[in-house]
């Protein structure tokens, strides 16, 4: 049974945290709080709740992390805040810039690093955000999964990626231009294995006092943690993308191992339930399908995929696979991708081949790795799997 805190429980926990911070001189990171939680925080300080609205605007519109610069907040309150609170986002450890304009940042989270990718285009600027240090799902074609898993990111470490990127590019409150128009939870980790922190972070993204993004411009991508997906619609409404990658259970069991627990039918039934109550998806889910040469890219696979998706309103993104060291796969040829796309289009599906961005700096889909202290022994397991695939393909 998936356990989640209600808003009231979270607010109560926030209050307890504030008391703990005051008593033990341990400062609370305000980036861990939604605006509603921050209003509770100010009430506990004996202040008017509207101060939270002012503070959220300073933090996210203006990228401000120094209380002394918040000039519409009186000095007495600023001094009080400095005693009990802080505003702290991950720092950039490494920045890499691609020839196509893509930027990848390795963000320092404790003694490890996660990766965040900024993808500018003519009509939008998308930020790809990580939700975990590593990933426990062990998808065989993904570089992140080969690093193993260490821990979930906190709310501040998730929303802090957006904050740090916005500060580098130019905050809305300073430039008058949104530095980021879209956020995709498609970085390192499985977001639905960290809903307790991912959902509040997305709430901040949607909050008009913070980033004010449309719910259609915040996308959560999942490999299919069905109980959490069923719970998600009760917590927040955002755009949904499904990392499907295979048209049958036998193949998906192998390349997306969570399928052994929640098979394709269970997943698609859950997707349809989500779509039935969501306003963020224009009635359609995005299906992500990585193209692996002679693994899942045959015409027969396209026909099978069409049958899987026939009762689910969707658009399909075909993703050319991006190689990483020691991977046991090859990239599908353009001709195989084209044939796969045309086969699906004959069924009436909208099918897009995703343009690869940032592959020269290992920032493309499936290439994010970061610096992870593995707690899952995945690094050792991947060597054995690679040897098995090599023998099978020989």
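Numbering starts at 1 and runs along the chain as it is shown here.
Just so it is clear, glycine is given a Cβ too, placed from its N, Cα and C backbone atoms.
What Swiss-Prot annotates here:
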type	residues	note
ACT_SITE	115	active site, proton acceptor
ACT_SITE	365	active site, S-methylcysteine intermediate
BINDING	135, 139, 142	[4Fe-4S] cluster binding site
BINDING	189, 190, 221, 243, 244, 245, 322	S-adenosyl-L-methionine binding site
DISULFID	128-365	disulfide bond
DOMAIN	121-360	domain 'Radical SAM core'
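Structural mapping of features recorded in Swiss-Prot.
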| residue | record | CB count, 10 Å |
| --- | --- | --- |
| 115 | active site, proton acceptor | 26 |
| 128 | disulfide bond | 28 |
| 135 | [4Fe-4S] cluster binding site | 28 |
| 139 | [4Fe-4S] cluster binding site | 22 |
| 142 | [4Fe-4S] cluster binding site | 27 |
| 189 | S-adenosyl-L-methionine binding site | 30 |
| 190 | S-adenosyl-L-methionine binding site | 26 |
| 243 | S-adenosyl-L-methionine binding site | 24 |
| 244 | S-adenosyl-L-methionine binding site | 28 |
| 245 | S-adenosyl-L-methionine binding site | 26 |
Exercise. Across the listed S-adenosyl-L-methionine-binding residues, 189, 190, 221, 243, 244, 245, 322, what is the farthest Cα to Cα distance, given in whole Å?
Worked result: 19
Problem set entry | Local confidence of the prediction over the domain 'Radical SAM core' (121-360), expressed as mean pLDDT | 95
For this session: Compare the Cα of residue 189 (S-adenosyl-L-methionine binding site) against each of the recorded positions 115, 128, 135, 139, 142 and report the nearest.
Result: 135
For this session: Express the distance between the Cα positions of residue 135 ([4Fe-4S] cluster binding site) and residue 244 (S-adenosyl-L-methionine binding site) as a whole number of Å.
Result: 17
Problem set entry | Long-range Cβ environment of residue 221 (S-adenosyl-L-methionine binding site), under 8 Å and at least 6 residues apart | 184, 185, 186, 191, 240, 241, 242, 243, 288
Exercise. Which one is closest to residue 322 (S-adenosyl-L-methionine binding site) in space, judged by CA to CA distance, out of the recorded positions 115, 128, 139, 142?
Worked result: 142
For this session: Pop the Cα-Cα gap between residue 139 ([4Fe-4S] cluster binding site) and residue 245 (S-adenosyl-L-methionine binding site) into the table, whole Å please.
Result: 10
Exercise. Tell me, which recorded positions from 115, 128, 190, 244 are within 10 Å of residue 142 ([4Fe-4S] cluster binding site) if we use the C-alpha atoms?
Worked result: none
Seminar exercise, completed: residue 139 ([4Fe-4S] cluster binding site) and residue 190 (S-adenosyl-L-methionine binding site), compared by Cα position, are separated in whole Å by 11
